[in-house]
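Asks: Right, I'll just put the structure down here and ask away after.
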Amino acid sequence: MSDSVILRSVKKFGEENHAFESDGSHNNDKKSRLQDKMKEGDIRVGFFELFRFSSSKDIWLMLMGGVCALLHGMAQPGILIIFGIMTDIFIKYDIERQELEIPGKACVNNTIVWINSSFHQNMTNGTVCGLVDIESEMIKFSGIYAGVGMTVLILGYFQIRLWVITGARQIRRMRKIYFRRIMRMEIGWFDCTSVGELNSRFADDIEKINDAIADQLAHFLQRMSTAMCGLLLGFYRGWKLTLVILAVSPLIGIGAAVIGLSIAKFTELELKAYAKAGSIADEVLSSIRTVAAFGGENKEVERYEKNLVFAQRWGIWKGMVMGFFTGYMWCLIFFCYALAFWYGSTLVLDEEEYTPGTLVQIFLCVILAAMNIGHASSCLEIFSTGCSAATNIFQTIDRQPVIDCMSGDGYKLDRIKGEIEFHNVTFHYPSRPDVKILDNLSMVIKPGETTALVGSSGAGKSTALQLIQRFYDPCEGMVTLDGHDIRSLNIRWLRDQIGIVEQEPVLFSTTIAENIRFGREDATMEDIVQAAKDANAYNFIMALPQQFDTLVGEGGGQMSGGQKQRVAIARALIRNPKILLLDMATSALDNESEARVQEALNKIQHGHTIISVAHRLSTVRAADVIIGFEHGVAVERGTHEELLERKGVYFMLVTLQSQGDNAHKETSIMGKDATEGGTLERTFSRGSYRDSLRASIRQRSKSQLSLLTHDPPLAVADHKSSYKDSKDNDVLVEEVEPAPVRRILKYNIPEWHYILVGSLSAAINGAVTPIYSLLFSQLLGTFSLLDKEQQRSEIHSMCLFFVILGCVSIFTQFLQGYTFAKSGELLTKRLRKFGFKAMLGQDIGWFDDLRNNPGVLTTRLATDASQVQGATGSQVGMMVNSFTNIIAALLIAFFFSWKLSLIITIFFPFLALSGAVQTKMLTGFASQDKQALEKAGQITSEALSNIRTVAGIGVEGRFIKAFEVELQTSYKTAVRKANIYGLCFAFSQGIAFLANSAAYRYGGYLIAYEGLGFSHVFRVVSSVALSATAVGRTFSYTPSYAKAKISAARFFQLLDRKPPINVYSEAGEKWDNFQGKIDFIDCKFTYPSRPDIQVLNGLSVSVNPGQTLAFVGSSGCGKSTSIQLLERFYDPDQGTVMIDGHDSKKVNIQFLRSNIGIVSQEPVLFDCSIMDNIKYGDNTKEISVERAIAAAKQAQLHDFVMSLPEKYETNVGIQGSQLSRGEKQRIAIARAIVRDPKILLLDEATSALDTESEKTVQTALDKAREGRTCIVIAHRLSTIQNSDIIAVVSQGVVIEKGTHEKLMAQKGAYYKLVITGAPIS
């Protein structure tokens, strides 16, 4: 067979298809398009763009809700007309009363006259009297107030209900579209986008958009309606005074504009900082076992806190700016008061253009307008925050994916042979444009043949497979299928023709049957059973208690590596693909499993094009064609024998792997003894239900989720059993009681001086309003004075007091804004930090709980800490403000008329009842809403963390359906909330009018029969009315308050939990001369999440200092569990693990783990530089660069790193995604070496490496093992045969132990294990 690479001609569907142009212009255009899209744009979302997802029904709901809000807003200006008329009547009545109290005056013929004066004098100076029946007038006005109150009740209910419902509908649609758009994105986009950041956007940012388009907008419309009607009425009743009052309005407008722009900018910066912190939290929680193994808890808390400090800084600036401009606007409003009364009194007293009632009408209308503009400005912060939050969301939604995996475009071939050809393909990853992966690659893969791709790590083998799946498009050249450029083919159809089995299989948290059905949605149960049989998975599945309905756990964490791999193969086989891609498909398997899986793969070779990437040459040897890769180029092609004769790349790899052994002899041994493997199914296939959670130490590099989290199955499929199981598991969602506020505030104690100053400032601000009502009623009373000079003098005094109030307000409002922003942001940072630290301090068994998977925990960190501010921070200031307002107002009211005050305060319990009901109901709704969104967050986390698998098997649509089901639950909760919230809000608004109605009715009686002054009636009514408004305003905080108590309860539940294995504890034994002697004594163990499955059943084995102990046995026998017990991820249920004669349960955990290093098969790297990842090996002290480089050299890593453009500062990407497996492994080994441990744990440390890398890494490991106690888990004999002790484990018990020679001589289980399955070199 020729070893040259042939470039065949290409069939074109049409000349207009630019995909076939050879100059690469199309590719360059795509590349530039991608780069343009990936750039962080300066696009800002306009407010009205937030409603882009509204339907016609939503528009009608918003229109009706808007009309209700506008009509509601007109109620207050409308009632001021009545108030003005009432004021004139009161003043006339009071003047008449004062005149009649003068000795010598009497009312004659409705005129007050001097009894002894002449008729002419009396006609000139007489005052009309006896025409005002004050009580009957008050009855009439009382009826009008009551009517307006009932109208407000109705309008307020529909105003809130309609806006909350339409907001929920639009947010539901936005979440759907956002998730759908993300699921359409090409893989290159995910390389440049943090999954943790996306989860934060789902959890936090969309919630901020909801705040901007729901009930807050209703409040804004209501307030603006009040403001506009007030202004119009003011101009109608007296344009001169209105213009004077409005003279300062441009300054108010400027203030509002500055607030909006500043808040938007600070919010954007704050959100970016929180998103970065969220990304770190997601990465760390997903890699919790690596963090625990290397003692990185405190280091990760510090890394997380650094980003919180940035967010805190911007939050404080936001509070300062808000406080200053709020004070600035209140100052202008009080200056307006002074100016209005000074000039208005001139128009009343000197020019007599206005009556006092008209003056009051104009003044109150314009001031009411100004105040409502001020209140509406607080909504601007929410709107600005919503727009800032929407920027990233909408950029993603509007971005057109370069490769749209759900597009209907492209051709579908009627028949497919399966011939694949690479034509001069050059490629680099979008996230690393400076590193060329494929360099002018050309090769042909013939239909129906098995083609093996071999080469060193980083040569481009796996990249070639990703191009075939069209995860990426070539930068230059093209890939063709049966002569057609794959870019011209429908991408969904293309991926349906391809089956993929990877080294690190991703299973989804549902049943085994549903995981296999992911391969083909319309598969019947018979198809699933057959696929399982073909993958040699049927027997182990049927041995499980629930068989095909067994839940696999998060990421397949409930299963061993071999079991997961066989389920993944079944999933690929059920598709009956024309092309099968095997990317290290059997490297993670033990010998027995590999043999069975290889047998399954051999069954389906006929009629399929198979492309295999493998490092075990025993797997490669049987291929029809082998293509050797080197530096992104296919350098040789041929059969096993042809390439050996050529003595090129392949020959070198074979030579390295065989280590001088005769490959043909190895094959004959396998053929001779393979028949003996039949007995091993019974001996080794049982044991633990999973391979002692192999994933506990080695994480999937592609997954952000912890493999040990056992979640209920997500409803990602239509299959009834899966969905039912999901529902049944809902009962496991833990309810929490709302946290007491005093405990929340206890966490703010370090900021007590800020809270004290802020509370004093808030108290002063709260007292300002009652003082204003006192001054206002006093000013009204001056108009009934008989002496005009006295009137002027008192009015000028009142105006001076208003100026003083304005000056005080600007100072105290700034202090309130700054101090509570400071205390609130520090609390948020503290809670996030404490929460994150508490999470990292939990025992590993806690993470096994379905309620604590990384997606849920990250969501809680993102939302709960910020929501706690609903009961602290600026909310405390608002509450103190309202409380002081109420107390001061009641004191003033009871001082001037206790009888009238009592009548009005009768209405207070109704307000309190309304608020209590609202708080109670909304607390429940907040909890339900959070549960629904956490389940939705779990779905998004699983889908996005495993996006390559999701895209490869084409199940985006199923995740989208599951996500939308959870959104529907959240929507139903919102609808129920709308009704309760609307009723409570309406009641709190309408009750004030009803209270006024009763007050004026009884006030009229007190004036008529008990001689109460009308100014006292105004004083009492306005004071209590304002305090009632404060009560209503307090209850408007109840939604935030309800959320805050639930969120705080979750935090306290976490902080209060005492983990059985406490990593932060200083207790426990430590000793200087740590030797590394290990004894497992009769250890029995079951995982907390699976108490019915016995994993270890009396394991006993010892290893002396400096010796190497190798654990061998079939998948699932409990090998890796022993490592976890040694690391104290868990403690044995019975028995003891002894370290140097000390019971591990009594040893200090940090001390124990600091003396243990681990290298696992699937190493977890962090999203930072290579240097930082190496230094992570020892977090107890600062590692020098020289020491890290020395470790890299020992791990055979240094030369590779120095070839990179940024060398040791090269970022490895999320979970090391920018590196090949071999490169990641060598970094992990360097990390372990730099730790200099006394005990070294090697869990399949070289199985993921290519032959060349394995040789160098094994040399490094052999050197690292010197002088250390070492425990090795491996499937390759070459790795373990030189061990001092080899322990054969079956069903959680050591059944044989000894040296290699001793065990082979016994011809027992070890002997059978060696000769069964894939050849062991």
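The backbone N, Cα and C atoms fix where each Cβ goes, and this holds for glycine too.
The feature N-linked glycosylation site is assigned by Swiss-Prot to Asn109, Asn116, Asn122, Asn125. The feature phosphoserine is assigned by Swiss-Prot to Ser587, Ser692, Ser703, Ser706, Ser1321. Residues or ranges marked as region 'Interaction with HAX1' in Swiss-Prot: 651-674. Residues or ranges marked as topological domain 'Cytoplasmic' in Swiss-Prot (evidence: sequence analysis): 1-62, 169-215, 262-319, 375-755, 816-869, 912-979, 1033-1321. For 84-147, 237-240, 341-353, 777-794, 1001-1011, the entry in Swiss-Prot reads topological domain 'Extracellular', with the evidence type sequence analysis.
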Asks: Cβ under 8 Å to the topological domain 'Extracellular' (1001-1011), counting only same-chain residues 6 or more beyond its ends: which ones?
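Replies: Same-chain residues near the topological domain 'Extracellular' (1001-1011) but 6 or more away: 90, 93, 134-135, 137-139, 142, 897, 899-900, 903, 1017, 1020-1021.
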Asks: Within the same chain, where does the topological domain 'Extracellular' (237-240) have neighbours whose Cβ lies under 8 angstroms from its own Cβ atoms, ignoring anything closer than 6 residues to its ends? I mean 6 or more beyond.
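Replies: For the topological domain 'Extracellular' (237-240), the nonlocal Cβ contacts are 84, 347, 353-354, 358-359, 361-362, 365.
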Asks: Please give the sequence-distant neighbours of the topological domain 'Extracellular' (777-794): residues at least 6 beyond its ends with Cβ less than 8 Å from one of its Cβ atoms.
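Replies: Distant Cβ neighbours of the topological domain 'Extracellular' (777-794) are 87, 90-91, 94-95, 98-99, 341, 345, 348-349, 356, 360, 1013-1016, 1018-1019, 1022.
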Asks: Determine how many residues of the topological domain 'Extracellular' (341-353) DSSP places in helix, in strand and in coil.
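Replies: Going through the topological domain 'Extracellular' (341-353) residue by residue, I get 9 helix, 0 strand, 4 coil.
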Asks: Per DSSP, how many helix, strand and coil residues does the topological domain 'Cytoplasmic' (169-215) have?
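Replies: Final tally across the stretch: 41 helix, 0 strand, 6 coil.
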Asks: Of the residues in the topological domain 'Extracellular' (237-240), how many are helix, strand and coil by DSSP?
Replies: 3 helix, 0 strand, 1 coil
Asks: By DSSP, what is the split of the topological domain 'Extracellular' (1001-1011) into helix, strand and coil residues?
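Replies: Across the topological domain 'Extracellular' (1001-1011), DSSP assigns the residues as follows: 10 helix, 0 strand, 1 coil.
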Asks: Just to be sure I understand, if DSSP states are collapsed into helix, strand and coil, how many residues of the topological domain 'Cytoplasmic' (262-319) fall in each?
Replies: 54 helix, 0 strand, 4 coil
Asks: Could you count the residues of the topological domain 'Extracellular' (777-794) that DSSP puts in helix, in strand and in coil?
Replies: 13 helix, 0 strand, 5 coil
Asks: Take the topological domain 'Cytoplasmic' (816-869) and count its residues per DSSP category (helix H/G/I, strand E/B, coil), listing them in that order.
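Replies: The counts are 49 helix, 0 strand, 5 coil.
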Asks: So what's near the topological domain 'Extracellular' (341-353) in sequence-distant terms, Cβ-Cβ under 8 Å and 6+ beyond its ends?
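Replies: Contacts of the topological domain 'Extracellular' (341-353) (Cβ under 8 Å, skipping residues fewer than 6 from its ends): 238, 240-241, 244, 359, 362-363, 779, 783, 788, 791-792, 795-796, 798-799, 802.
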